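K.L.:
Sharing a structure with you now.
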Amino acid sequence: MFDETMRQPPDGEGSVQVEMDPALHIETAKVFAIYGKGGIGKSTTSSNLSAAFSKLGKRVVQIGCDPKHDSTFTLTKRLVPTVIDVLQAVHFHTEELRVEDFVYEGYNGVMCVEAGGPPAGTGCGGYVVGQTVKLLKEHHILEDADVVVFDVLGDVVCGGFATPLQHAERALVVAANDFDSIFAANRIAAAIQAKAKNYDVRLGGIIANRSVATDQIERFNARSGMRTLAHFPDLDVIRRSRLCKSTLFEMEPSPELAAVQQEYLRLAEALWEGVEPLTATPLIDREIFDLLGFD
C-alpha cells in the first residue's frame, strides 16, 4: 500500500519530482530563473542581465541549464566544458574536481557554469542541474555570490527542467510580441504557479525581447495579471553581438545600443531592489487562441 507521501505529490498536482535536499538551498544570493520559448533569446538576455548586475558591482554566477551549453558563450567567448563532461572525465568522483575544472570567469568577473545535459533520450536534465548546484556548494562558489542566474532550456517545464525553480526566488519569462512565444509564456507561468505552492519561487514578470511593439504582450498581461519588466527591441546590434562573442556592453557604441544597455541596467537595478511577486492567473489554451489567435 502507498503511504501518504506517495499519494500526495510534494511538488504540484501530478508531479513526480523529488523534494530538494535542504543542504542545496542557496542562502545568501538573489536567485533568478529565466524561462521562455526555445530560440527567443534567453541566453542573450541572461548573459546581458548578468553583465548588467556585474556593472552594478554585484558578484554574479550564471548557470546554463541547456545541453547546447551556449548560455555563457558571449561572457566567456567560447563554449566551455560542461559539468556533466567533467564529471564523466573523473568517473563521477567529485572529490577529484577543482573549481577551475567547471567554473570559468567571464566578462567583468561573471562566474560562468554550464550544467550540460545527458545524451539525447536518456537521463534527466534536472539531475544534472542538481549536481551542478551541489558542486558549487561544495566549493563555496555560491556563498560568495550576490546574484545567481539560471538560464533554462527552452519552454520545457517537466519536473527535471523545473529544478531551478526550487532555488529561485523570482522566475522571469522571455517572450516576443507574437502568439507562439506568448502561448509558451502562459504555459510556463502555469508551471511556475504550480511550483509556488511548495517552493519560495514566485513569478516576476515578462521580459519582452526581439519586439518592436508590445501590444500583444500587454493584451495578455491585462487578461492574466502578468506584467512587462523590460523591453528589448529587435535590433541588428543585438544579433551581431552573438556573432561577435560579446555582451552588449562590449559592442561599438551607438545611441540605440546605449538605450538597450540602460534598459538592462534598469532591469538589473529593479530586480536587485526586489520586484513584487505576481499572483497571475494563466489562461487556458482556448482563451489564448481567442485573445490573440483570431483577429
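Every residue, even glycine, has its Cβ placed from backbone N, Cα and C.
Here's the feature list from Swiss-Prot:
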BINDING   Gly39, Ile40, Gly41, Lys42, Ser43, Thr44, Lys68, Asn209, Arg210, Pro233, Asp234, Leu235  ATP binding site
BINDING   Ser43  Mg(2+) binding site
BINDING   Cys124, Cys158  [4Fe-4S] cluster binding site
K.L.:
Around the Cβ of Ser43 (ATP binding site), how many other Cβ atoms lie within 10 Å? Please give the count over every shown protein chain.
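P.N.:
A count of 22.
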K.L.:
Rank the binding-site residues Lys68, Arg210 by how many other Cβ atoms lie within 10 Å of each Cβ and give me the one with the fewest.
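P.N.:
Across Lys68, Arg210, these binding-site residues, the one with fewest Cβ atoms within 10 Å is Lys68.
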K.L.:
What three-state secondary structure does DSSP assign to Ser43 (ATP binding site)?
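P.N.:
Looking at the DSSP assignment, Ser43 (ATP binding site) belongs to a helix.
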K.L.:
Give the maximum pairwise CA distance in Å, whole number, for the residues Gly39, Ile40, Gly41, Lys42, Ser43, Thr44, Lys68, Asn209, Arg210, Pro233, Asp234, Leu235 listed as binding ATP.
P.N.:
25
K.L.:
Compile a sequence-ordered list of residues in the same chain as Asp234 (ATP binding site), six or more apart from it, whose Cβ lies below 8 A from its Cβ; state 'none' when nothing qualifies.
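P.N.:
Long-range Cβ contacts: Arg210, Ser211, Val212.
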K.L.:
How many other Cβ atoms sit within 10 Å of the Cβ of Gly41 (ATP binding site)?
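P.N.:
So the Cβ neighbour count for Gly41 (ATP binding site) comes to 22.
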